[in-house]
Amino acid sequence: MRYLSSGESHGPQLTAIIEGVPAGLTLTAEMINQDLRIRQQGYGRGDRMKIESDQVQITSGVRHGVTLGSPITLVIKNKDNKNWGHVMAIEPIDEHDYEIKKVPRPGHADLVGAMKYGHRDLRNVLERSSARETAIRVAVGAVAKQILKALDIEVISHVLQIGKVSVTNYPTTISTIQAAIANSPVRCVDSDLSIQMCQHIDEAKQQGDSVGGIVQVLAENVPAGLGSYVQFDRKLDAKIAAAFMGVQSVKGVYFGDAMMASSHFGSEVHDQISYDQGFTRMSNHYGGFEGGMTNGMPVVVQAMIKPIPTLYQPLNSIHIDTKEVEESMIERSDSCVVPAAGVVLESVLAFELAKEILEEFQSNQMSSLIKAVKCHREAMRDF
Ligand SMILES: Cc1cc2nc3c(=O)[nH]c(=O)nc-3n(C[C@H](O)[C@H](O)[C@H](O)COP(=O)(O)O)c2cc1C
């Protein structure tokens with residue numbers, strides 16, 4: 001399974017074409033829209049979210065709510081495009097009546113992107129480097145989640161840290177996490193800390209600043225033996241880490257309790273093997289992976305999200321033509337995207353898991369995939 005996405009932040013639409021989804025999967029636009037709505041929520045998001053209220057259109061690969069096995073095309077219209085007529089015109093225009101962006105934001109793709117592609121208007125870079133693109137990635141992930149759901153695999157994300165406020169005690173099962181974050185505007189399991197996180201975001205916003213944080217993404221009921229130790233590029237944890245790093249503003253990825261484990265004795269952190277109707281582990285410090293393969297324990301991955309680059313109290317930068325010091329440009333922006341980034345990463349994990357499963361158990365039809373995975377689970381249990 002693979003996909004490509006396209007689309008500029010203020011262009012007409014975002015598009016993705018996914019190839020390799022088996023035939024026979026139940027799929028409707030509403031199943032995808034649910035995830036798009038969650039991505040747009042989260043304390044600290046900006047006004048753009050109020051404008052967009054994303055809705056997906058499925059324009060190929062599905063008939064009567066069931067996948068056909070042919071490429072699936074997903075489209076999300078950018079409702080804001082109507083306000084960007086001249087600025088984002090696809091056809092040549094005679095004269096422009098808009099500001100050309102010249103002062104790059106530190107921490108954004110603006111400067112090096114312009115240097116690489118030879119652009120003198122930084123908008124030519126920021127339109128595609130913008131995390132608006134993550135909307136279509138969430139839509140693609142929602143399709144992957146439907147494949148996982150048919151195999152009884154669930155994925156969730158929650159926030160461990162925003163700025164200096166962090167939660168250290170948290171549940172480890174998806175159902176408990178789901179219930180605990182249901183009313184949190186920052187998708188944090190602790191209601192008191194949720195309030196503190198919101199206050200921290202407010203503080204940053206009032207000062208024209210931004211904050212980052214850490215999210216945890218979990219998958220339950222993932223069969224043992226996905227990925228392989230036999231070649232470096234077949235290790236599934238490596239593929240997941242690369243995919244996570246592909247999300248805007250992710251600056252670090254670690255599995256399970258890797259941060260803690262690196263400062264402890266091996267005897268304190270290795271997950272001891274036990275047997276109870278199949279092999280299991282007495283703990284899950286390594287986040288469900290040994291030797292690049294899933295070991296049947298929940299997959300647990302954390303991503304470190306940097307504070308977003310656009311600041312309403314901007315840092316100094318350099319004008320690309322005059323080479324003079326100026327305050328860096330401002331593009332309408334959020335002040336904290338950590339909860340939303342979690343939702344994006346949930347989609348990314350779902351896609352990587354579904355892709356790996358389809359690579360391991362190649363199937364053109366959902367019914368044969370379900371049978372193959374059931375058979376594999378039995379073989380793992382009876383080893
Ligand atoms: C869901 C999401 C929303 C984001 N929104 C903004 C934003 O409003 N303003 C901004 O400057 N950066 C935002 N970012 C981060 C930038 O897109 C990102 O920092 C930039 O593209 C540079 O990429 P890098 O941080 O991976 O180096 C967002 C990131 C995510 C995941």
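Note: Cβ is positioned from N, Cα and C throughout, glycine not excepted.
Copied from TrEMBL, the annotated features are:
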| type | residues | note |
| --- | --- | --- |
| BINDING | Arg39, Arg45 | NADP(+) binding site |
| BINDING | Arg128, Ser129, Ser130, Gln248, Ser249, Gly291, Lys306, Pro307, Ile308, Pro309, Thr310, Arg332 | FMN binding site |
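Recorded features from TrEMBL, shown on the structure.
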{"residue": "Arg39", "record": "NADP(+) binding site", "contacts (Cβ under 8 Å, 6+ apart)": "Asp54, Thr134, Ala135, Val138, Ala340, Val343, Val344"}
{"residue": "Arg45", "record": "NADP(+) binding site", "contacts (Cβ under 8 Å, 6+ apart)": "Asp334, Cys336, Val337, Ala340"}
{"residue": "Arg128", "record": "FMN binding site", "contacts (Cβ under 8 Å, 6+ apart)": "Glu8, Ser9"}
{"residue": "Ser130", "record": "FMN binding site", "contacts (Cβ under 8 Å, 6+ apart)": "Glu8, Ser9, Gln248, Glu331"}
{"residue": "Ser249", "record": "FMN binding site", "contacts (Cβ under 8 Å, 6+ apart)": "Ala131, Gly212, Ile305, Lys306, Ile308, Val337, Ala341"}
{"residue": "Thr310", "record": "FMN binding site", "contacts (Cβ under 8 Å, 6+ apart)": "Arg105, His108, Ser210, Ile330, Glu331, Ser333"}
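Among the binding-site residues listed (Arg39, Arg45, Arg128), none has a CB atom closer than 6 Å to any atom of ligand 1.
In the structure as shown, the Cβ atom of Lys306 (FMN binding site) sits within 10 Å of 16 other Cβ atoms. All protein chains included, Ile308 (FMN binding site) registers 26 other Cβ atoms within 10 Å of its own Cβ.
The FMN site in the record is lined by Arg128, Ser129, Ser130, Gln248, Ser249, Gly291, Lys306, Pro307, Ile308, Pro309, Thr310, Arg332, and its two most distant CA atoms lie 44 Å apart.
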